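Okay, handing you the structure first.
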Number of protein chains: 2
Amino acid sequence: MSIWFTEKQTENFGITAKVKQTYVAEQTDFQELQLVETEEWGNMLILDDMVMTTEKDEFVYHEMLAHVPLFTHPNPKDVLIVGGGDGGVIREVLKHESVEKVTLVEIDGKVIDYSKKYLPKIASGFDNERVEVKVEDGFMYIANSEKAFDVIMVDSTEPVGPAVNLFSQGFYAGISKALKDDGVFVAQTDNPWFKADLIKQVYQDVQQIFPVTRLYTANIPTYPSGLWTFTLGSKVHDPKKVKAERFPDMESKYYTPDIHFASFVLPKFVKDLTE
Amino acid sequence: MSIWFTEKQTENFGITAKVKQTYVAEQTDFQELQLVETEEWGNMLILDDMVMTTEKDEFVYHEMLAHVPLFTHPNPKDVLIVGGGDGGVIREVLKHESVEKVTLVEIDGKVIDYSKKYLPKIASGFDNERVEVKVEDGFMYIANSEKAFDVIMVDSTEPVGPAVNLFSQGFYAGISKALKDDGVFVAQTDNPWFKADLIKQVYQDVQQIFPVTRLYTANIPTYPSGLWTFTLGSKVHDPKKVKAERFPDMESKYYTPDIHFASFVLPKFVKDLTE
């Protein structure tokens, strides 16, 4: 018996992974949620038929979403995560001693519940006393916040389903308002091979609101094309001008101080999207 | 009707691409050769069920294999390509005006023939007067060469089938002998997610022969994990110390002078393979 999960990353291309067992296959109030054990990647969280995270490669996404903005801000204390119900970004944020409070706003409580049960190494930070979890709409939460956060991270699904508002210029304007005067924000912004137009649009939208706008990349093998982008918007601090002494020793598997800077060096066809 | 080509990149994971039509499906003297038109990637060359190159993403591999060593060597005149029967590396090498002669040694003449017919934009350099093509065994060709080349590029398949000798320490010793006293060599060396042991072994083998050994990466979406590595061995010149004035204006889609240097900055788990 041989069961394979196939994600169509485009209409005409996809990845396929052998499944050992299915733990969860459920329609939540917001999306279709699957949690399966795969042979190659360990346990895998799938939302609306898209791979969200796997035990084997999750460290890349979570380290790169968290540490780049947190080392860009000189003294991050109040951090907001929009989405991120698997807990991986929380785990990475908690490595920063300056951070006094992490607020996670996830629209779908089921993602949190099942991640705690089936992805315990990813969802390891939920019980930390510095963490507050709110199960509500991130878009509305942002709209009701003012000068509250040093760093905001948008750890969303693709711009379909519940996350569609999180790729709008109104959302970025709300983020700017919710950030303190020297705040930094970052969002995952898909891949340049299949979603070049999306990256270009988000970059332009963010650039109209934030004085410092930067695109950076990381290799995530279970995400479409293996080359993922992150768009960073900052009111003051430039991630490309971080001082070396800002980097303490920190346990990591992908991120290093050298990778911090190299991740902003874009292949020509990706750089062209920002010009 | 819907036909999909699936490459099992490991026993338990693969990619799958919708096929519009099959041009060639043939057992040559050396390997199984398929040339198909896909919806997502255009025409695709497949050897022994592994994607070798596609019209849409071929530029990454060919630019990164050619330009990194050619800009590392201060004045490359004689260039040898082992493998590379699709012609993509020839096309990139010919962009360098200093190069007086490019010799390509490909074991399987069918790869050249079908690439000329079905991948004309990749196989565009074969008729150039600076190019000489030899259909023979690259391993033996190297063994019989002495101080003949400034740069040698190994554009092989994976270490199965006809390329198995091209991942041996004896081969790297032969390459050293075939290079001039300040020669540079580069080989494609697979990906760090599924083939970490191979990368580690090759790096150690090359390091025992070449004073300067460096690993660099590029994103190739149709190759396993999307993160490809290249191992460079050099007798004198260090690719990380290339002077900025060495880079002329050159048409490219992936490679830039900044990418040249950034490609040597490795994610921590990859860097660990070199230590």
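A Cβ is built for glycine as well, from the same backbone N, Cα and C atoms used for every other residue.
Residues annotated as domain 'PABS' in TrEMBL: A:2-235. The feature S-methyl-5'-thioadenosine binding site is assigned by TrEMBL to A:Q31, A:E106, A:D137, A:G138, A:P162. For A:H62, A:D86, A:D155, A:S156, A:T157, A:E158, the entry in TrEMBL reads spermidine binding site. The active site, proton acceptor annotation in TrEMBL covers A:D155.
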Counting only residues 6+ away in sequence within the same chain, which have a CB under 8 Å from the CB of A:D155 (spermidine binding site)?
A:L65, A:I81, A:V82, A:G83, A:G84, A:G88, A:V89, A:Q188
Please tell me which one of the binding-site residues listed here (A:H62, A:D86, A:T157, A:E158) sits closest to A:G138 (S-methyl-5'-thioadenosine binding site), measuring Cα to Cα?
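Smallest Cα separation from A:G138 (S-methyl-5'-thioadenosine binding site) among A:H62, A:D86, A:T157, A:E158: A:T157.
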Can you list, in sequence order, the residues of the same chain other than A:Q31, A:E106, A:D137, A:G138, A:P162 whose CB lies within 8 Å of the CB centroid of the S-methyl-5'-thioadenosine site?
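Not counting the recorded site residues, we get A:F30, A:G83, A:I107, A:D108, A:S156, A:A163.
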Can you give me the Cα-Cα distance between A:D86 (spermidine binding site) and A:P162 (S-methyl-5'-thioadenosine binding site) in Å, rounded to a whole number?
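Here the two Cα atoms lie 16 Å apart.
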What's the CA-CA gap between A:E158 (spermidine binding site) and A:Q31 (S-methyl-5'-thioadenosine binding site) in angstrom, rounded?
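That separation, Cα to Cα, works out to 12 Å.
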Please report how many Å separate the Cα atom of A:T157 (spermidine binding site) from that of A:D137 (S-methyl-5'-thioadenosine binding site), as a whole number.
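Rounded to a whole number, the Cα-Cα distance is 13 Å.
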Would you mind reading off the Cα separation of A:H62 (spermidine binding site) from A:E106 (S-methyl-5'-thioadenosine binding site), to the nearest angstrom?
16
Per-residue pLDDT averaged over the domain 'PABS' (A:2-235) comes to what?
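Summing pLDDT over the domain 'PABS' (A:2-235) and dividing by its length gives 96.
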Just counting, how many other CB atoms are there within 10 A of the CB of A:Q31 (S-methyl-5'-thioadenosine binding site)?
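So the number of other Cβ atoms within 10 Å of A:Q31 (S-methyl-5'-thioadenosine binding site) is 21.
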Neighbour count, 10 Å Cβ-Cβ cut-off, for A:P162 (S-methyl-5'-thioadenosine binding site): what number do you get?
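The answer is 20 other Cβ atoms.
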Using a 10 Å cut-off on CB atoms, tell me which of the binding-site residues A:D86, A:E106, A:D137, A:E158 is the least crowded.
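Comparing Cβ neighbours within 10 Å for the binding-site residues A:D86, A:E106, A:D137, A:E158, A:D137 has the fewest.
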Between A:E106 (S-methyl-5'-thioadenosine binding site) and A:S156 (spermidine binding site), what C-alpha distance do you get in Å?
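A:E106 (S-methyl-5'-thioadenosine binding site) and A:S156 (spermidine binding site) have their Cα atoms 9 Å apart.
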What kind of secondary structure is A:E106 (S-methyl-5'-thioadenosine binding site) part of, going by DSSP in three states?
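Reduced to three states, the DSSP call for A:E106 (S-methyl-5'-thioadenosine binding site) is strand.
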Taking each of A:Q31, A:D137, A:P162 in turn, which of these binding-site residues have a Cα lying within 10 angstroms of the Cα of A:S156 (spermidine binding site)?
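Qualifying among A:Q31, A:D137, A:P162: A:P162.
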If you run the three-state DSSP split on A:D155 (spermidine binding site), which class comes out?
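In the DSSP reduction, A:D155 (spermidine binding site) maps to strand.
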Using the residues the record lists for spermidine (A:H62, A:D86, A:D155, A:S156, A:T157, A:E158), what whole-number Å value is the largest Cα to Cα distance?
16
